[in-house]
Amino acid sequence: MTVIVFRYLFRETLKTQLAVLFVLLLIFVSQQFIQIIGDAADGEVPTRLVSTLLLLNLPNMALLMLPISLFLAILFAHGRLYAESEMTVMHAVGFSHRFVMRSAMVLALLTAAVAAFNTGWVAPQAKEREYQVIDEFKADPGISFLQAGRFMELDKGRLVAYIQDLNDKGSKLQKIFVLQRSQDGKPPSVVVATEGVVTVDSNGLQWLTLKDGSRYEGHFNTRQFQISEFDEYSLVIRQQEMERSNRKAAAKPTMELLGTQDNQLMAELQWRLSLPLSILVLTFLVVPLARVNPRQGRYAKLLPAILLYLSYFLLLSAARSAIDSGRLPHWPGMFLVPLVYLLLIGLPLNLQGTSWWNGVKTLYFKRKSA
């Protein structure tokens, strides 16, 4: 009987968690997708990297999705059981609050293990890979900076180009227009060609070689131009840059953060450790919060529970910023937040209804009345 009830509570909570996780995933992915698409539309990233960047952002999205998915799952699943009097029947036949807490904690431990693996290994590697992809695309002589159907400034503004079409790799171009600005006393010129190709020489210079075109040189206000036809015409469009972008602490391996005394790295380390710990603490808080009177409905405690969750993570984020800026000592650091919530909120919530708690309340009110 005990195993059956345990599995029932576990299964109902897990099903609700997966449903909540799916909804949160849709919301987070849609928001990230819109942001990346916006960057692609502005020419900051090529369209072929949209799906790659979106996948690489999934582990970082999961950092906050896992805690809130379990928090809401317990709140909804247990709230439904209380609203439909199923939990009341379980308590009547001998299944205590401790039993309900134990079933929730098993799922919390599994979720915390997944969160620890994600925040400790998967998310940093995904962030590092994201930086690598961005570095590679910035150094790519083709599609990283050439976009079809729009005017672009090349070679630090010395050139303005328009390309009607280009292949997937961004190296072969069709129907090109290039404006060379006036420089060092030379008049401006316009070059048009039917096709072109982007190449990189041994010195890292990126060349645009145009084929079968015309070049018009002269000042537009004088209407005097020198027109020349060419079979092949080459010009430098930019110096290839292969720079390693500055990595944030989120991309550093967890083992590299251990033993550090740097404020920023310590804040990142404690953030990674506090997320799995927060899952256990929030589970300890939400199980008693899910108790509702059948007349109140299953969502009676939704608002206070959400406010509790938001206040917890706001304080956790504030502690992270305080460590980063040096205003909060490394120890206890961010762990002070779960400790305070556990002692000041978790214990009173879980002790409600016990004989010890009732005795404390009776003693308190007697002293107050005296």
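Backbone N, Cα and C define each Cβ position, glycine as well.
TrEMBL annotations: computationally assigned, not manually curated.
Under the heading transmembrane segment, TrEMBL lists 18-38 (among others).
According to TrEMBL, the feature transmembrane segment maps to 58-78 (among others).
Summarising the annotation, TrEMBL assigns transmembrane segment to 99-123 (among others).
Residues or ranges marked as transmembrane segment by TrEMBL: 271-290 (among others).
Look at TrEMBL and you will find 302-323 (among others) tagged as transmembrane segment.
Under the heading transmembrane segment, TrEMBL lists 335-357 (among others).
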For the transmembrane segment (18-38), distant same-chain residues with Cβ under 8 A (at least six beyond the ends)
45, 50, 53-54, 57-58, 61, 65-66, 68-69, 72-73, 76
Long-range Cβ contacts under 8 Å made by the transmembrane segment (302-323), restricted to residues 6 or more beyond its ends, are 64, 67-68, 71, 75, 79, 263, 266-267, 270-271, 274, 278, 281-282, 285-286, 289-290, 330, 333-334, 336-338, 341, 345
Taking a Cβ cut-off under 8 Å, which residues six or more beyond the ends of the transmembrane segment (271-290) line up next to it in the same chain?
63, 66-67, 70-71, 74-75, 77-79, 82, 97, 100-101, 104-105, 107-109, 111-113, 115-116, 119-120, 254, 257, 301, 304-305, 308-309, 312-313, 316, 320, 334-335, 337-338, 341-342, 345-346, 349-350, 352
